[in-house]
Amino acid sequence: MALKQVSSNKCFEGFQKVFEHDSAELKCKMKFGIYLPPKAETGKCPVLYWLSGLTCTEQNFITKSGFQQAAAEHDLIVVAPDTSPRGCNIEGEDESWDFGTGAGFYVDATEEPWKTNYRMYSYIKDELPKLINANFPTDPDRMSVFGHSMGGHGALILALKNPGKYKSVSAFAPICNPIQCQWGKKALGGYLGSDVSKWESYDATQLVKSYPDSRLDILIDQGKDDQFLSAGQLLPDNFIAACTERKIPVIFRLQQAGYDHSYFFISTFINDHIKHHAKYLNA
């Protein structure tokens, strides 16, 4: 599959690049950011996938989080894909900020008119890793995932639905229980239809209840003054309760007053997350 390089910038002795490709899964052109640490020039490196939140593209994380220095220090390739298909000419895809373009929710849609293109779950789980492993010096057996908000939801469900595939998982302010919040009800209803039982397979709080073992250390950071926490969109308490019941280790850090849902919050704690993943990826 052909890759077209869009940009390349030297950063902490490695390179932050952006590529474009034709996605077979999403039936459109997709972009992703990839950071190649200095070690990638001489050997294979583990890969950490970042999933962004609502309205984001591949640019938000690579330009705002400041992750590159820690990634260089820990010899990690970091991949940041876009959050949805784009330019598919689907009626209504650009009508709202929390559904359609920029809001793929990391599910495989089953409803018209979304099901042909909106297959972000399979894109992130299968197509993108195959593409990355075929074109970059990766160790395909060492892979982890993390994300923010809608992307935190994506990271959690990918880890929980695929035991053993990812060495570690973490999230910033994830949507933990989408079947119970307005964002989730809108997205899952639109992409998957009205049968709520189908939604449960993309809900971290539901998935953790049947996760087959406890070998998954989860790190979650949440800002105390996150406007979406107080609005009931994130519901981390539901997820923590389910993890506790199943004896699945979760480190939940409610960061002090003032920290919100923004990339200022993410950049403050990003190094902790890179270290969390490096511990498992470099073991």
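Backbone N, Cα and C atoms are what each Cβ position is placed from, and that goes for glycine too.
Predicted, not measured: the structure shown is a model, and the values here were computed from it.
The active site, charge relay system annotation in TrEMBL covers Ser149, Asp226, His261.
There are 21 other CB atoms within 10 A of the CB of His261 (active site, charge relay system), with all protein chains counted. The CA atom of Ser149 (active site, charge relay system) is located 11 Å away from the CA atom of Asp226 (active site, charge relay system). The separation of His261 (active site, charge relay system) from Asp226 (active site, charge relay system), Cα to Cα, is 5 Å. Each of the active-site residues Ser149, Asp226 was scored by the number of other CB atoms within 10 Å of its CB, and the largest score is that of Ser149.
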